[in-house]
Every structure is written in C-alpha cells, then in structure tokens.
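What follows is a set of notes on a single structure, which appears directly below.
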Amino acid sequence: MVVFKSLLLNLCILLSVAFYTLLERKVLSSMQIRKGPNKVGLYGIIQPIADALKLFLKEFFIPVNSNSFMFMILPLLGLTLSLMLWAVFPSMWMFNFHSYLLMLFVALTGTFVYVIIFAGWSSNSKYSFLGGMRAAAQTISYEVSMLLLLFFAVLMYRTYSWYEAGLSSPIGIIIFIIMFIWFASCLAETNRAPFDFAEGESELVSGFNIEYYGGMFALLFLAEYSSILFMCMMSTVWFLYSDMIFIMTLLILLIAMAFLFARGVYPRHRYDLLMNLCWKSFLPFSLCCICYSMLLWIV
C-alpha cells in the first residue's frame, strides 16, 4: 500500500511539472505579447504530453570518449533525488511525521551538486565541464545562506518538524526581508533566471547538460522543475502560512508564478556580482539572523 501511494505521489508530481512548464510558456508568451502553445489539444492543454513523447521517442547517442555509464545514469539519479525531496513533506497518507526529516532535506540538496558536476565531467566536453563547475560553485555558495535562513526558522519555531512548523504562525515583520533573500537563494539554487549562469548561451551554450538530448534531457528537465515546485512548497511551510490547505495552495501558486515572472522580467545577472551578492550580503545577513535567534533563546 505504501508503494502504491509513493507511485501515485510521484505521478502527481510529474504531471504537475508537465503543466507547470505549459504555464511557464503561456506566461512568457503573454509577457511578450504572443499566443504561446495553442495547437495541440484545446488551447494547447496537452502540449507537454506531445513534448514528452517527442523527447522520449528520439534516438539516443552517447558522445565519443565519454564515460558512458555515468553519462546515462546521472539524469535518472537527478530525477530520483528530486522526487525523494517530496518524501520529507508531511502528509496524512504517507506516514512521514518524523521530527528530523529536515535533516534529510539538507542531505539530499547537498547530494544534487554531485549530479551537476559529474554530468558535466562525464560528457567529455569542455563546455559542459565548465558549465558544471560554474553551476556547482553557484549552488554550493547559495546553499550556505539558504540553509542558515532555514535554521533561523527552525530556531524561531523551536522544532525540526515540518508538521509543527506548518501549524505555527509566521515569524513577524522580519519574515518579509528573510523571504526576499530566501527567494533569491532559491532562484540561484535551482539555476533559474536571472541567475541561470549554467546556461549562459553566449558563453557555455547550455551548461552542464549541453550533450544531453531526447529522453536524458527530459529527465534533467523534470528534475529541475520538480525542485522548483518543492522549493515553492517549502517556502510556504517554513516562512509563510500553511495551517489551512486553501491558503497554503494559493501561496504555493503565487511563489511558483514569482519564479516565472522573475524569468520574464529580469535580465541575466553578472556572475561576479552574483557571487559578491552571496558572500558579502546574503551570508552576513543570514549569520545575523542566527545570532538574533540565539539571543532570543538566551533571553
């Protein structure tokens, strides 16, 4: 029964990712004053299914002199890690109310960096390798400030439990500043615009996944967008309000739309400014938040 529920959850996640990509294309097309997908099905509603069939039915080639085993297994590993993230979210039918599931989230997010690095290295392409190194450096840098902000919320709520954090009230006025920095860190962590330097077309073509196409590219694509939806859910639980299911769903949709608007509105940032923003602005602020929460514990 648990296996069936897990498979059903994964299927729902993949369907959500499929239609989230359709929503992204519709939003970007509206911002650019064009129609977007509107041919496949009613108003283009089944366009993601057509795209998936096209990708998975393509013939698959392995680059010459590449590490074939790692090249083939890493996209599947990336998708598996992204789907495993959803196991830490408490639900009535998954029986996962363990108090320390947040530690599992920290471990899984740290592991995903290796997928990026080795996917770039195993392709035997200098462009993919440089893209992998750049994406890994960016992910590791922003992961520090993101986890510090997360532990600030843990110290304020005085619990590691997702369920208890969801039932708690927001952390007051300071939550608006923290939410802005958390959202920017999530954009950088998931390699989304304006921080998508792993895919700087003028420099690295498509980053670490330049040699992937067809089904392998689709798996990496699903992993990326699954992580985005999970970050939207996590932001709502730990930094906003999630006691009522309707309000929680509305807030998740608003944050998911913010990811799309950030891509359509802002130009790509400069890489050196991105790193300076992390180490000189976000990290000191995150440390100040931790010190503030520790002072509250002492008082």
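Yeah, the Cβs are placed from backbone N, Cα and C, and that goes for glycine too.
Residues or ranges marked as transmembrane segment by Swiss-Prot: 2-22 (among others).
Look at Swiss-Prot and you will find 69-89 (among others) tagged as transmembrane segment.
Through the fold, the transmembrane segment (101-121) approaches residues 67, 70-71, 74-75, 77-78, 81-82, 84-85, 87-88, 90, 128-133, 135-136, 139-140, 143, 147, 150, 154, 160-162, 189, 198, 207-209, 212, 220, 223, 227, 234 of its own chain, all at least 6 residues removed from its boundaries and within a Cβ separation under 8 Å. According to Swiss-Prot, the feature transmembrane segment maps to 101-121 (among others), an assignment based on sequence analysis.
Under the heading transmembrane segment, Swiss-Prot lists 136-156 (among others).
According to Swiss-Prot, the transmembrane segment annotation covers 167-187 (among others).
Residues annotated as transmembrane segment in Swiss-Prot: 214-234 (among others).
What Swiss-Prot lists as transmembrane segment is 242-262 (among others), and the listing cites sequence analysis.
Positions annotated as transmembrane segment by Swiss-Prot, on the basis of sequence analysis: 279-299 (among others).
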Best-packed against the transmembrane segment (279-299), counting Cβ pairs under 8 Å over 69-89, 136-156, 214-234, 242-262, is stretch 136-156
Would you confirm whether the transmembrane segment (214-234) and the transmembrane segment (242-262) meet the contact rule of 3 or more C-beta pairs below 8 angstroms, pairs 6 or more apart in sequence? yes
